[in-house]
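Q: Quick paste from Swiss-Prot:
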type	residues	note
TRANSMEM	14-34	transmembrane segment
TRANSMEM	36-56	transmembrane segment
TRANSMEM	68-88	transmembrane segment
TRANSMEM	97-117	transmembrane segment
TRANSMEM	142-162	transmembrane segment
TRANSMEM	233-253	transmembrane segment
TRANSMEM	260-280	transmembrane segment
TRANSMEM	294-314	transmembrane segment
Amino acid sequence: MNLVSLQNSLDNATFAILLPTLLCYWTGVAFPNLKGLPAIGTAGMAIANLCMAALLGARWLEAGYFPISNLYESLFFLAWGLTAIHLLAEKLSGSRLVGAATSPLALGIVAFAAFTLPKEMRQAEPLVPALKSNWLMMHVSVMMVSYAALLVGSLLSVAFLVVTRGQAIELRGSSVGTGSFRQVKLNRASDLTIATAESGGSGGTAVLEQPVLQLAPEQLSLADTLDNVSYRVIGLGFPLLTIGIIAGAVWANEAWGSYWSWDPKETWALITWLVFAAYLHARITRGWQGRRPAILATVGFGVVWVCYLGVNLLGKGLHSYGWFF
């Protein structure tokens, strides 16, 4: 079997593995008494991750360069990163809901790359002179892994909003750094709560009134875990995004003589950085937990997709892959 046929077999195999994996996770969420399904789903994600690693390795051998230079390659690299980050997040959370959230995204990316892209966009081509640089691996791979981490973290925030139905809840665990400690007490006589927020060392007290959703202990524990793991995964993706942007600026200066040219991709990378910087700032310095940072991360989910795929398909700028519809 030649390398091209091997790649075709591996991308089809990845799709064939991820589809039943998704069904396992969703069935496990719908029927919690079926205890073995999450383990099958985890195994499916791990096997899919290995298939994509083998596909990228075969592509590297065929083309002679790190396989991340076109849309097909970057989509599979992103899906590989998603499945890897998923395995980390699932280990941290121990929840089958992680797979129920991330497996559809991984499956959709693989299906788009394997079955939607035109054949000419799936073929390896010689690198243009500007891409014949070690910065290709440094910049693009770090950016793609950061996208994967930010997407998984944002999806966990979406899952948090689903579990809590978008309502304010009491979170007893702490997933913040130096932020204020907040304790919420439920007023049994009404649907309102009086929340007392004490800032460390300031002596100030703020009294707030807002409805708080009452959850079963299992749901409350799950929501707290999703909030915590989402924060940690986004905390992993943000420094990688920062490193990737800096590496891209250095590469741009070497290739075109300018660190920053306000290319659409550069602009949206900056917007993405600002959104998640605001998220981390709110959590670390303001002590945000629960609904508000989850909403901000959900916005970030859309921003990442615009940054990665939206501006690339417009056919404009130095990062364009070209529109194909």
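Any Cβ shown, glycine's included, is placed from N, Cα and C.
What's the neighbourhood like for these features in this structure?
A: Among residues of the same chain six or more beyond the transmembrane segment (14-34), those with a C-beta under 8 A of the stretch's C-beta atoms are 40-41, 44-45, 47-48, 51-52, 55, 79, 96-97, 99-100, 103-104, 106-107, 110-111, 114-115.
Within the chain, the transmembrane segment (36-56) has long-range Cβ neighbours (under 8 A, six or more residues past its boundaries) at 6-7, 10-11, 13-14, 17-18, 20-21, 24-25, 27-28, 67, 73, 76-77, 79-80, 83-84, 86-87, 90, 96, 99, 103, 106, 110.
Beyond its flanks by at least six residues, the transmembrane segment (68-88) meets 11, 14, 42, 45-46, 48-49, 52-53, 55-56, 59, 98-99, 102-103, 105-106, 109-110, 112-113, 117, 121-122, 124-125, 127, 131, 136-137, 140-141, 144-145, 147-149, 151-152, 233, 236, 308, 312, 321 of its own chain at Cβ-Cβ distances under 8 Å.
A Cβ distance under 8 Å defines the sequence-distant neighbours of the transmembrane segment (97-117), meaning residues of its chain 6+ beyond its ends; these are 11-12, 14-15, 18-19, 21-22, 24-26, 28-29, 38, 41-42, 45, 48, 52, 71-72, 75-76, 78-79, 82-83, 86, 89-90, 151-152, 155-156, 158-159, 163, 222, 226, 229, 324.
Away from its own ends, the transmembrane segment (294-314) comes close to residues 71, 78, 147, 150-151, 153-155, 157-158, 160-161, 227, 230, 234, 264-265, 268-269, 271-272, 275-276, 278-279, 282, 320-324 of its chain (Cβ-Cβ under 8 Å, at least six residues beyond either end).
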